[in-house]
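Visitor: Structure in structure tokens, see below.
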Amino acid sequence: MALVYRPMIQLSGILLSLLGWVLSCLTTYLPQWKNLNLELNELEIWTMGLWQACVVQEEGGMQCKDFDSFLALPPELRISRILMFFSNGLGLLGLLLSGFGLDCLKIGERQQEQKKRLLLFGGMLFWISGITAIVPVSWVAHSTVQEFWDEHIPDIVPRWDFGEALFVGWLAGFCLILGGSLLNCTICSTEIHPSSVRYAVAEQQDQCQHLETETRP
């Protein structure tokens, strides 16, 4: 597959991956993984994240309290901490490796095979990072849905709902996977410079003029 603008596609892939990594780090520390709105007191909104629980009051702002024990957390939050750390670390490593494999980087121009390997490995790391970001937010969303529709819980008990961090995490995983896919798609491509394209067009025009000259009576 031949691509005229391969460096532009690589740049788009690395920027998407960078955006996904930043959003993944933001998701890890946001306290809005779950939201709870009390019907008895609509001026208070409780939120829960991987590290702390917060209460948002209309007059008093936000007050947060860190979780005392890692082992006391629900299983989905414990595993989510670990997976989000993996996602952040793999995303950072993917940025470093794929950055050295870009065509626009002049370092290692004579070692194209090694640059391709770095780009391929970086794209695969972005895939894994995206998956490890999507899995925990989807797991927390699934457990939230199950608790919300649990018939054994009395109706008077408030139910947790989706927090904003879940949507940020899904977007982060999508950007990481899409960015890694764009980078890996350019590995099998052959870059064509605009000067080569212009030369090929000019050569074709000369051949057409030569044929017209020969066919004239």
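Just so you know, glycine gets a Cβ as well, placed from its N, Cα and C.
Here TrEMBL flags 12-30, 82-105, 117-141, 167-188 as transmembrane segment.
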Visitor: Among 82-105, 117-141, 167-188, which stretch has the highest count of C-beta pairs below 8 Å with the transmembrane segment (12-30)?
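Guide: Result: 167-188.
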Visitor: Taking a Cβ cut-off under 8 Å, which residues six or more beyond the ends of the transmembrane segment (117-141) line up next to it in the same chain?
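Guide: Distant Cβ neighbours of the transmembrane segment (117-141) are 10, 13, 17, 20-21, 24, 27, 33-34, 76-77, 79-80, 83-84, 86-88, 90-91, 93-102, 162, 165-166, 169-170, 172-177, 179-181, 183-184, 186-187.
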